[in-house]
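Quick look at what TrEMBL annotates:
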- 16-38: compositional bias 'Polar residues' (COMPBIAS)
- 107-578: domain 'Major facilitator superfamily (MFS) profile' (DOMAIN)
- 1-38: region 'Disordered' (REGION)
- 140-161: transmembrane segment (TRANSMEM)
- 173-192: transmembrane segment (TRANSMEM)
- 198-219: transmembrane segment (TRANSMEM)
- 231-255: transmembrane segment (TRANSMEM)
- 261-282: transmembrane segment (TRANSMEM)
- 294-315: transmembrane segment (TRANSMEM)
- 321-341: transmembrane segment (TRANSMEM)
- 361-382: transmembrane segment (TRANSMEM)
- 394-415: transmembrane segment (TRANSMEM)
- 427-445: transmembrane segment (TRANSMEM)
- 451-470: transmembrane segment (TRANSMEM)
- 552-574: transmembrane segment (TRANSMEM)
Amino acid sequence: MPAPRIGDVSLPVEPSTGSSIAGNSLPGNRNNGGNQCSGRAAAVKVTTGRDESGTKSRRFRYGLPWERGLVKRSVTWQAEAVTSPPDIPAATSDPASDKLDAAVFKVAGVVVLGAIMSILDVTVVTVALPTFQHEFDTSYAIAAWTMTGYTLALASVIPLTGWAADRFGTKRLYIMALTFFILGSVLCSTAWNIESLIAFRVVQGLGGGMLMPLGMTIMTHAAGPQRIGRVMAVLGVPMLLGPILGPILGGWLIGSFSWHWIFLINLPVGVIALILAVVILPSDKPEPSESFDFLGMLLASPGLALFLFGVSSIPEQHTVASARVLVPAAIGLVLMAGFVVHALRTEHPLIDLHLFRNRQLTFAVLTAVFFAIAFFGSGLLLPSYLQQVQGKSTLMTGLLIAPQGFGAMITMPIGGKLVDKIGPGKVVMTGLAVIGVSLLFFTQLSADTSLPLMCGALFVMGLGMGCTMMPTMTAAIQTLTHAQVARGSTLMNIVNQAAGSIGTATMSVVLTNLLENRPLAQAAIGSQFDPTIAQKLPPGALDTGFEQAATAYAHTYIVAVALILVTLIPAAFLPRSKPKLPQEGTEAPVLMGH
């Protein structure tokens, strides 16, 4: 039986992974009262009803599984005939052809521009932290909040995006997100102190966090489900190139101009993307959606932010027993506890905690949390080490850390295929082991560590990352029912962003505390920006200071290694065999794309 069609475009069969949608056909009626099908690109829900003529029909609600309810749109499938959705423009290409035509590529161009800006702004700042420390005379722990605040904002808008897209329309919301991102970028370039920069980064993150999920939805509607694999490959380009080009671009802009330009560069690109979005993107009508859990968001997001702010204040206060540490941390814990109580009682919570009854998802979430804390937290250390200890320029720093992105680019597609064949457990365990071994290299950092060896270790770490991130996401999603997939995807995306924020704050606090106890190290680091400091030190003191600073970085990496070892514990419980195909009349798992 050929695949049923939605809007004259076949449902997807993704050749790159070998997965299909219920055997390339829609299953018959099931005991749950409705037909359901799924694919890597879209989750589809089917209900029955009657159209205006009284003919019995089936209505589909589909959307990308990034988060619950993301831009769900309805289309009607008559008993034999297929029509395009009335409220979403059909793909503006020949429905009889599965080629990606000019119309699809135009939409892709708009979406990729937005995605590039959003992803680059996560990585472009990594090489700027030492500059922020010097320019604003602040500690590493506080400067790191330019990253922490941005990622927390990303986590906050992930669940909001789906509801807002239904409420305002996908095109309108995409334009609003672009405008917000451009405004935040311009404001960042005008920051007069570290506090204002952090605040403006949050504004930037609120807009940037919507661009990628909205872009995926727009591409799905423009190309149709039959070609979803290829259009998602287009969106995968900025995701792979971001970790490579971001630090290089940031280093070049800071070294050649000033730090302001890592934000101002978004202005011309953003304006072009905004104009093209208005002209090219097809319009869609807003439609009612289920209520959004605003109370949950008001409890969870500020709660996590306040807790992390309190922890990040420890180095500056030199003690835990400080009001600036205890008060925000305590309020944050109370708010997060309140969110847990609220989430267990409300019908549509921001994060569905009942999903933790699924054993495999629980272990996958724990794996993702510890991995994100260790990996993304330690990811900020090396750019600062290269500039503050080895005295490298920002551009050279960006070039030196690029091999990690190349390593991930190689293993990401390989890891995805292996998961389909042997299950995620073995793949994730291998990736974590590779990352752990490469992190051990950085626990031996000295003031003159070999740069070629360092680049090799980064490349190996990238190889491990490609076998860890998306396979862990797949492990969380693959055993969920269709009704749970969107909520599970929301949970995993929020967890990844929040854990990354925790990792950034944790590693910055550890490093700042270690440097606080090494005054010569602080003096040596300061001499990289102010040569007169070196003239005031006795002979040999500067070399000693750089060695002490390198030791502080090396000891911080020990924390990352310990966290990777902890990550191996929940990862050991992930399935180590090929997922069983669903039996007839049972729910098929929906997997996230790799």
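Using the three backbone atoms N, Cα and C, a Cβ is placed for every residue, glycine included.
Per-stretch counts of Cβ pairs under 8 Å to the transmembrane segment (394-415) identify 427-445 as the leading one among 140-161, 294-315, 321-341, 427-445.
Tertiary proximity for the transmembrane segment (361-382) is limited to same-chain residues at least six positions away from its ends with a CB under 8 Å from its CB atoms, namely 126, 129, 144, 147, 355, 401, 424, 428, 432, 435, 439, 442, 454, 458, 465, 468-469, 472-473, 475-477, 479-480, 488, 491-492, 495-496, 499-500, 502-508, 511, 553, 556-557, 559-561, 563-564, 566-567, 570-571, 573-574. In summary, the transmembrane segment (427-445) does not lie against the transmembrane segment (321-341): fewer than three C-beta pairs, each 6 or more positions apart in sequence, are under 8 Å. The transmembrane segment (294-315) makes contact with the transmembrane segment (140-161), as judged by at least three Cβ pairs under 8 Å among residues 6 or more apart in sequence.
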